[in-house]
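Pasting a structure here, questions to come.
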Amino acid sequence: MWRATGTRTSHCSSHLRVFTHHSRKRCRYSTSASKPDEYDVVIVGGGPAGLALASALGSKQALRETLRIALVEASDLSKVHDWSTSPNTFSNRVSSLTNVSQAFLRDIGAWNEVDRERTAPIEEMQVWDGISDARISFSASEIGLEHSEKGMARLTENLNLQRGLLRLLHKIQGVHIVDKSKVHSITSTGPGTWPLVHLDNNQTLKARLLVGADGLNSPVRTFAQISSFGWAYDTQGVVATMHHPPRSVFENPNTTAYQRFLPTGPIAFLPLSPTMSSLVWSTKTPIAAALKACEPSVLARMINAAFRLPEVSLQYLYNRILESQSLGKLITDSEMRDEIRWREQSHAVDPNSAYSSSAFDAPPTTPGIPPSDSQMIPPLVTSLQNGSVASFPLRFNHTEAYIGEGKGARTVLVGDAAHTIHPMAGQGLNLGLGDVECLARCIEDAVVSGGDVGSYTALLPYTQERYFANHKVMTACDKLHKLYSFTAEPIVWARSMGLEVVNEFDSVKAALMMTAGSNPRMHRSSTNINGGVSRTVFDVAAAGLQKVDAANSAVRAIRSGILGFAAGGLQAIAKAASDAREKDANKMD
Amino acid sequence: MTMVPSRVLLGSSTVNASEIAHFSRLSAQWWDERGEFSFLHSMNPIRMQFIRQKFAETTLDESETKIDSTKTGVLMGLDVLDVGCGGGLLSESLARLGARVLGIDASESNIAIAKHHASLDSTLNSNLSYKHTSAEVLLNRPKRFDVVCSMEVLEHVDNPTAFLSTCAELIKPSGHLFLSTISRTPLAYLLTIFLAEKALRKVTEGTHTYSKYIKPSELIEYFREYRSLDNSRPWISRISGDLPTRTEAEVRGLVYNPLQSNWILAPRGAWGATDCNYLFWVRKPGPVQ
Ligand SMILES: Cc1cc2nc3c(=O)[nH]c(=O)nc-3n(C[C@H](O)[C@H](O)[C@H](O)COP(=O)(O)OP(=O)(O)OC[C@H]3O[C@@H](n4cnc5c(N)ncnc54)[C@H](O)[C@@H]3O)c2cc1C
Ligand SMILES: C[S@@+](CC[C@H](N)C(=O)[O-])C[C@H]1O[C@@H](n2cnc3c(N)ncnc32)[C@H](O)[C@@H]1O
């Protein structure tokens with residue numbers, strides 16, 4: 001697709017320009033400068049979702065030979081394609097890919113292109129309540145995963161995945177990649193016509209089907225006038241790559257993911273290698289900003305504390321940091337060391353227990369037998385990888401539809417463009433890959449039956465399969481987030497009771513398994529005409545959460561005599577909690 | 001947009017003037033996938049699936065070469081006539097799979113819509129054409145087709161037996177006839193007339209006439225009797241149970257699934273599945289050896 005103008009030749013000569021020289025296609029489309037270039041599928045966005053869709057379509061011969069496919073990305077994808085880094089450093093954007101996501105990537109030939117050495121399995125999960133310490137733990141074998149030896153999910157750097165997808169695209173040569181080109185506007189010339197995608201380099205692409213894989217602020221979504229509903233959580237996700245000593249021979253290897261539900265949000269420790277792990281710490285926006293401003297060693301101490309100290313001490317430490325920052329100076333490493341030491345003493349933490357952070361300053365010289373509670377919490381973080389600390393806002397966002405209609409016809413959304421989710425379940429990317437797998441299947445179904453891939457008829461099965469599946473996971477995570485953001489006594493009590501009571505229920509385990517992003521029994525529904533109704537783990541999970549609710553209702557029912565709780569859903573707990581607080585306040589005056 | 005069907009076609013014995021006026025009035029809505037013709041849109045993938053499957057099957061039976069019905073070129077190079085093509089829903093799909101398609105319809109405004117819609121897709125123009133004419137008129141021309149399709153038309157024509165024989169005569173020896181229509185059963189009345197037109201008003205009232213519905217058994221009976229002008233063999237020579245031999249003809253029920261607003265192609269011989277909408281395929285006997 002060489003442009004006559006020649007002003008962007010550097011653009012076209014990038015090694016990522018991949019062409020298909022398919023004679024049938026060439027005669028079907030003209031590429032004169034005055035006419036827009038016609039494509040059957042134009043994907044906007046070269047993030048994980050867009051690249052995966054391009055790969056999925058390009059990997060199917062029937063599609064590669066019949067469809068002209070383009071992918072537009074604003075940034076320079078050669079940087080992703082050429083990304084390389086030493087085995088001892090990890091990108092801070094890491095996602096846990098479920099077995100289902102892995103199977104999909106394997107199917108399209110992308111998993112082979114991902115550097116497996118840089119990925120790590122999650123074999124076990126430890127999830128506990130920051131206030132009551134009620135705990136659930138489970139392993140891949142326990143929940144009956146088909147291949148439990150592979151773990152529940154694999155932690156993979158987003159860049160490792162994206163690079164793998166680009167390598168695959170480079171090999172299959174079926175997708176025209178237009179990077180370093182921003183979508184400037186999208187227009188339509190009338191009902192039934194194909195959308196025109198105008199790029200900032202004056203190129204115009206005409207799309208039979210326009211796919212928005214363009215993230216949270218999706219320009220495709222704006223064009224299609226698809227509204228979305230959602231809310232910001234007033235919470236940021238702080239990410240970092242952490243160094244720590246390896247587990248000893250007496251312990252399990254570093255393949256356990258840890259997540260502690262603090263009232264400010266969950267903090268997660270996700271293993272990457274024997275001595276490195278990834279942090280995702282969701283916390284209130286001001287706390288996140290303060291943590292990010294800290295010296296790396298202070299942040300490392302805070303991370304250790306957040307997995308170990310009681311909530312009251314954490315509150316104290318946050319305040320200390322916030323206070324000193326408001327006075328214009330940062331808390332020093334030694335100040336923080338003393339604060340934490342003092343806190344540990346006041347809680348009578350045994351210096352030999354795993355809950356003590358004393359080893360941070362005095363690492364043991366000889367590896368001895370680890371304390372008996374060492375696997376209840378992650379290894380002690382010793383330092384953070386340089387420049388790996390970052391944060392991002394957390395949102396709940398779900399569009400009202402995945403396919404555009406009327407003026408916005410011939411558009412479809414995948415990935416973050418359609419939904420953004422709280423990261424506690426590590427599902428963001430997996431949902432996006434689920435979208436992509438399904439959309440690629442629907443496009444293939446349409447193509448083999450002579451359908452128009454941009455038509456409502458071709459896209460309807462995609463919405464039907466994905467919308468509620470995504471919605472279920474999203475609301476489950478949202479509920480879990482809200483359930484855990486209350487510190488009021490009765491709620492914590494109900495919550496811990498809930499956790500303990502529900503510990504009995506396998507389905508709740510499944511619900512929390514979502515946290516690890518695994519997916520025991522979900523199978524890909526094949527291209528069958530009935531749409532292959534598959535009961536996914538998410539159904540189980542959602543059912544499980546209802547049981548959490550139910551358990552809480554039961555607990556509430558018992559206590560209602562004392563506290564006068566109203567019956568009802570989660571809102572009722574919340575309301576009861578604020579009522580209780582009000583009552584206390586009234587008592588005071 | 002109301003157009004009285006033009007004079008030529010009124011001479012065609014199977015064209016019912018009020019039917020054609022009815023479809024002409026609705027013609028602007030052909031490509032509104034959620035509107036008046038949504039049922040036909042959602043039926044299209046399954047009709048195409050049936051056509052592809054039959055081609056894969058007959059190729060396997062004849063040459064013992066397995067062709068993949070999921071490949072896109074299954075109809076490559078075949079001459080296909082789509083009788084009563086309406087807005088061209090099926091014609092476009094057939095053309096995308098590589099067939100050379102001629103779509104005809106008794107309504108001039110339907111043909112105008114079909115042409116306009118195809119013009120929006122530059123990949124279609126080389127092997128898809130439309131003509132405002134009737135099957136009877138084509139019979140006077142020498143051209144014959146590998147495949148004749150007529151979907152959801154039979155229940156709208158006058159003199160269906162004449163219509164069937166015209167379609168049959170337009171087919172080359174060993175060629176295929178694909179029909180879809182509605183059976184004359186209380187269930188069909190309930191679903192297609194009472195519910196769709198009167199109660200739910202999904203389809204404009206007057207679209208269907210119960211007495212024009214035709215049962216699968218009547219089609220089978222017709223093709224047991226029917227002889228082509230150039231060949232004395234019947235199209236359906238054997239019946240076992242109530243079903244024709246798989247290599248000669250086939251009836252498959254189409255069942256609407258309101259939960260997913262899609263259609264399901266019922267398995268061969270599924271009990272009761274052909275009591276409402278169904279697909280019918282029959283093959284013209286090959287040349288006499
Ligand atoms: C800063 C940040 C950190 C995150 N960290 C984690 C994490 O640690 N773990 C986790 O599980 N999830 C994390 N997430 C979420 C996760 O990254 C997303 O779920 C995932 O990236 C979604 O992929 P996507 O391809 O749908 O969208 P994105 O990755 O957002 O990709 C969208 C692409 O579209 C391109 N684009 C947008 N507009 C235009 C335009 N006008 N023209 C051309 N191109 C355009 C963008 O350049 C971008 O490449 C994080 C998200 C963010 C924003
Ligand atoms: C229900 S529509 C079906 C359209 C199309 N076959 C489809 O299934 O999408 C019936 C069509 O048949 C046309 N028609 C009815 N009688 C006809 C006849 N005798 N000859 C040609 N077309 C006819 C009508 O004009 C109308 O467009």
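Even glycines carry a Cβ here, placed using N, Cα and C.
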Hey, TrEMBL has S-adenosyl-L-methionine bound by B:Gly84, B:Asp105, B:Met151. Any idea which of B:Arg34, B:Arg47, B:Arg184, B:Arg201 it lists too?
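According to TrEMBL, the candidate sharing the S-adenosyl-L-methionine site with B:Gly84, B:Asp105, B:Met151 is B:Arg47.
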Nearest to B:His156 (Mg(2+) binding site) in three-dimensional space, by Cα, is which of the binding-site residues B:Arg47, B:Gly84, B:Asp105?
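Comparing Cα positions, the candidate nearest B:His156 (Mg(2+) binding site) turns out to be B:Gly84.
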So which binding-site residues are near B:Glu152 (Mg(2+) binding site), with CA atoms within 10 Å, out of B:Arg47, B:Gly84, B:Asp105?
B:Gly84
Report the member of B:Asp105, B:Glu155 (the binding-site residues) whose C-beta atom has the most other C-beta atoms within 10 angstroms.
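The largest 10 Å Cβ neighbour count belongs to B:Asp105.
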For B:His156 (Mg(2+) binding site), what is the tally of other C-beta atoms lying within 10 angstroms of its C-beta?
23
Pick the one among the binding-site residues B:Arg47, B:Gly84, B:Glu152 whose Cβ has the fewest other Cβ atoms within 10 Å in this structure.
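So among B:Arg47, B:Gly84, B:Glu152, the binding-site residues given, the one with the fewest Cβ atoms within 10 Å is B:Glu152.
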Based on the record's binding annotation for S-adenosyl-L-methionine (B:Arg47, B:Gly84, B:Asp105, B:Met151), what whole-number value in Å is the widest Cα to Cα distance?
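With B:Arg47, B:Gly84, B:Asp105, B:Met151 as the binding residues for S-adenosyl-L-methionine, the largest Cα distance is 19 Å.
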For B:Glu155 (Mg(2+) binding site) and B:Arg47 (S-adenosyl-L-methionine binding site), determine the Cα separation and express it in whole Å.
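With the alpha carbons as reference points, the distance is 17 Å.
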I need the neighbours of the Mg(2+) site defined by B:Glu152, B:Glu155, B:His156. Which other residues of that chain put their C-beta within 8 angstroms of the C-beta centroid, in sequence order?
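So the additional residues around the site are B:Gly84, B:Val153, B:Leu154, B:Val157, B:Thr181, B:Ile182, B:His208, B:Lys212.
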